[in-house]
Amino acid sequence: MNNQYVTPAIYKKFSVGFMIAGLLTLILGVIFLNPGAGSNGDNLNSTRFWAVLLQNGLFWLFLVNTATFFMVICILAMSGWQVAFRRVTEAISSVVPLMSILTLLILFCIVFGHRGDIYPWVNKDLVSHDEVIKGKSGFLNPGFYSIASLLFIGIWSLISKKLRDFSKESDSIGTMDYEKGKKWVNRNFFWAAVYIVSFGLSVGSTLPWLWIMSIDAHWFSTMFSWYTFGSTFVSGMALITIFVIYFKNQGQLQFVTQEHLQDLGKYIFAFSILWTYLWFDQFMLIWYGNIPEETIYFKSRLQGTYEGLFYLNLVLNFLCPFLIFMKRAPKRNYTVVTFMCILIIFGHWIDFYLMIMPGTVKNNPHLSWFEFGIPLGFIGFIMWGVSRFASKMPMTPVNHPFLKESIVHHT
Amino acid sequence: MRKKFVVGCFDDEKVLFPAVKNVRRAGYKIHDVYTPFPVHGLDHAMGLRETSLHTVGFIFGLTGTSIAIGGMGWIFTTDWPLNIGGKPHFPLPAFIPITFELTVLLSAISMVYTFCWLCKMMPGVKKHHFHPRATDDLFVMVIECTAKTNETEVQSFLQNNGAIEINVQEAEDGWWFGRYDKEQKLYRTEEVGY
């Protein structure tokens, strides 16, 4: 067995450095962007401040939560190939509870600070004379918003904690015989099933509607949640892959081979296409139907300042993974896979940017110090959380009943 | 072309893999290994090259894409321009689903036929069967004899590597249309019991 993972000093420096950079950006933002002013949208800087925080808070929370989702679907499908790097997904999912506190703080500041420029429906005057938003007010109101957010984030945190505890328990149980292993797998299975239901009700439907789609409160798309899910799932898989490669480089995960890397690459390839499928479906139906209340969403994205990003989004998230990951060799090459993962995370960050910015800062988008400084803080936070978990646990779950299947895995 | 083959049968994967390795190391030419089910890693052990099937799929897929976009583009811009719902004459988003379908259709069909061609099987063609139990429970390794091969030596070599049944057959190498060769003795007539 390998030695216990010890976080290298350079890694610590980077993670703390990123967090400090993010914090500094936030402080500078508080000083220069005047976040307290103008909740009706006439102060552009203040809107920009909250929109960027919202974009990053949601994007990185969805990203780490995807690690739990991946763990859960693997449990439910009784999949064995991923056991060799299962602790990596656990490590990423251990960031969920802490990250969700940050995100909830941002969300509650926006909703209870009555930021009408971000969410039009928190503005009571507007709701009282806007028939469309009034009709949606049973769903779009601060009470429902905060209860749903708290509830689902709570379920994610608790169940991912539960699954991590089972995994930790398996270390002390010792080698499991058939009966013991069956019991252990079944307990995992039960909580995974509960999680998947909550995931379907949250990321699969309500939460992206509440958190992101309600920025354009008049507009609606029933596919929106699936499209958001596709986006977060593929970038979450990219995050898992990056950490798998990192820990492999550190001499951990001795059972992970190119076979596992190739399967992770396949996941990214397949879900890039799923994302494109959902993105394109949403776009084409609206484009073809050509109904003004629907096309308004794409008018602001396709015509004007966002046009370049709109096409860049498609190139980064569809063309690049599709063409580069199509062959077998790039999926088995650690360098290419690392590069592609970073590219994909950046691409879907741009995708989230495009979901949120046109509805909030309208035709005055910025991509400068504040937009790139805040995500640094979140990246540092994820790096810190992952290494904190990883340095406490052996990186290979030696007693997992499916471990052998993962060792002999062959694509 | 008729060739001579030494056929060795194995009843265990664990014996088959080292045997394949030893046969290759000794320099004999493996014609093929027939197994009742796909055996993971056997292609690597036999030293087969990567299949070219995916390249075919990609090229035919690209053909499908260009046929769809080119065809619809030509029809709706040059041949018979129609105003449909005020859309432009070359509405790319509306073409995407059909382009996708044609890409998938062409690459799928071409890959099926190419697969048949590469495996030398087509509806109606005949191929020599080396052993009837290759589809049931035996792993059948077929070694091709060249001018320099000493058959008895190969046979004893296979015997030492754990083959449970060994014989020499003279058979047509490729595939052909029509009936089984009259001259060719089917295995069934040779061996009693199967």
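Glycine is treated like the rest: Cβ placed from N, Cα and C.
Bear in mind that TrEMBL entries carry predicted annotations, made automatically and left uncurated.
According to TrEMBL, the protein carries these features:
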- A:16-37: transmembrane segment (TRANSMEM)
- A:57-79: transmembrane segment (TRANSMEM)
- A:91-113: transmembrane segment (TRANSMEM)
- A:139-159: transmembrane segment (TRANSMEM)
- A:189-212: transmembrane segment (TRANSMEM)
- A:224-247: transmembrane segment (TRANSMEM)
- A:267-288: transmembrane segment (TRANSMEM)
- A:308-326: transmembrane segment (TRANSMEM)
- A:333-356: transmembrane segment (TRANSMEM)
- A:368-386: transmembrane segment (TRANSMEM)
>> Are there residues at least six beyond either end of the transmembrane segment (A:224-247) with Cβ under 8 Å to its Cβ atoms? List them, or say none.
In response: 5, 59, 62-67, 69-70, 85, 88-89, 91-92, 203-209, 212-213, 253, 256, 260-261, 264-265, 267-268, 271-272, 274-275, 277-279, 282, 317, 321, 334, 337-338, 340-342, 344-345, 347-349, 351-352, 355, 382, 386, 390, 395
>> Give the nonlocal contacts of the transmembrane segment (A:333-356) in its own chain as ranges (CB under 8 Å, at least six residues past its ends).
In response: 51, 54-55, 58-59, 63, 212, 215, 228, 231-232, 234-235, 238-239, 241-242, 245, 248, 261, 264-265, 268, 272, 275, 301, 306, 309-310, 312-313, 316-317, 320-321, 324-325, 367, 371, 375
>> Which residues of the chain, 6 or more past the ends of the transmembrane segment (A:16-37), have a CB below 8 A from one of its CBs?
In response: 43, 45-46, 48-50, 52, 369-370, 373-381, 383-384
